[in-house]
C-alpha cells in the first residue's frame, strides 16, 4: 500500500515537472521569454539542466536531474528532447515555434478567456489546480494592480478555440461556492469599452448637474446679497465740479453712515453710493448736519434713494465691479510672489528666482483599464509586471516582462 502511495506521488510530481518544462518551451511562453531565447541560441537549442533548476517554480518541484529526465521521458507531448549525457534538454527541432503573424495573434485572442471571481489571496497554484479538468490551458495571466496585488481576475489561453468555447459555455461555474464571471477576452474588452462610454455619458451628466447646482447656489447667494443691500443705494447727480472725487463723499458722510462702495469716477456728473446700512437714514443724518443743504464742492446735488428694478440693476453692477476689483488685486498679488528681497525682481541672467522642473511625464494604468495585450508579447511603451503568469527564469536573471513568474 505504501509503495502504491509513493508511486502515485511520484507520478503526480512527474506530471507537474513535465507541465512546467513544456510550458517554458511551449508555443505561448518561449516567444516571450528573452532569457530562454538567449539560452537556446548558445548550443543548438540545448539548455543545461543546471540552468533549468534555477527557475523558481521548477526548483520548488525538484533539483534532481534524474527525476527531471525520467519525467520528460514519459511525456506524451513529445515536445522535449534529452541529450545523450542526460544533462541538457531542448525543444524538439521537429516541432518549431509557430510564426507570430496577425493570423496567429488573432487565433490566440479567440481562444483567450477572461475569468473573474477568485479571492484576492488565491495563488497561481490554486488557480491551476481549479483549471486542471477544464481543458488544456497554455497560459494563465493573473491580473494585478499597480501595487502587484491580485485583482481576483485572470486571462486564460486554451489550446484550441473549441476548448475555450466549451469552457465559456459551461453554465454555473464556481470557485469555492463563488459564482464566476466568464467571457471571451474580446467580449470582455467590448464590455469594458461600453462601460467606459456609459461612464463618460454619466460623468458629463453629473458635471452638467453639478454646474447647474453651482450656478443656482451662486444665483441664490447673489440674490441674498442683493436682498441684504436693498435700500442701501444712494444716487447723486448734478453739475458737479470736475475735481469732485470719492474722498469728498467719504468726508461728507463720515459721521452719518458707513460707505461700502462708491461707483463714481472723477469728472462724471453722477454716481452711486452703497452704504452698509439704509441709505435713507445716512442721507437724513447728513442733511440734518448741513441744515438740509447737502452740497459737493459748493455745487447743488440731487440725492435719490434707489428702489425697484433700477436699484437691482445698480446693485448687480456694483457686485460685478467688486468681484472684478478683487480678481485684479489677487492677480497683482501673484505677480509679486517669487521676487527677491526688497520686492525687487530677479535680474535677467542671474538665475535667481528661477525654478525649472525636468523629467518624464508618467502615465499610470488604472485598474481594469489597460489590459489590451498584443498576443506576441509586444506591449509598446508600457512595461508589464512579471507576476502575471507562471513564466519564470533563474532568479538571478529575472526579466521584467508581462508574463513573469506567478508567485516568486
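Every residue, even glycine, has its Cβ placed from backbone N, Cα and C.
Taken from Swiss-Prot as is:
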COMPBIAS  329-342  compositional bias 'Basic residues'
COMPBIAS  384-395  compositional bias 'Basic and acidic residues'
DOMAIN    7-99  domain 'HTH La-type RNA-binding'
DOMAIN    111-187  domain 'RRM'
DOMAIN    227-348  domain 'xRRM'
MOD_RES   92  phosphoserine
MOD_RES   94  phosphoserine
MOD_RES   120  phosphothreonine
MOD_RES   225  phosphoserine
MOD_RES   362  phosphothreonine
MOD_RES   366  phosphoserine
REGION    329-408  region 'Disordered'
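Mapped onto this structure are the features recorded in Swiss-Prot.
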| residue | record | Cβ contacts under 8 Å, 6 or more apart |
| --- | --- | --- |
| 92 | phosphoserine | 78, 79, 80, 81 |
| 94 | phosphoserine | none |
| 120 | phosphothreonine | 149, 150, 151, 152 |
| 225 | phosphoserine | 319 |
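Mapped onto three states, the DSSP output places residue 225 (phosphoserine) in helix. Computed over the domain 'xRRM' (227-348), the whole-number mean pLDDT of the model equals 86. Under DSSP, residues within the domain 'RRM' (111-187) fall into helix, strand and coil as 19 helix, 30 strand, 28 coil.
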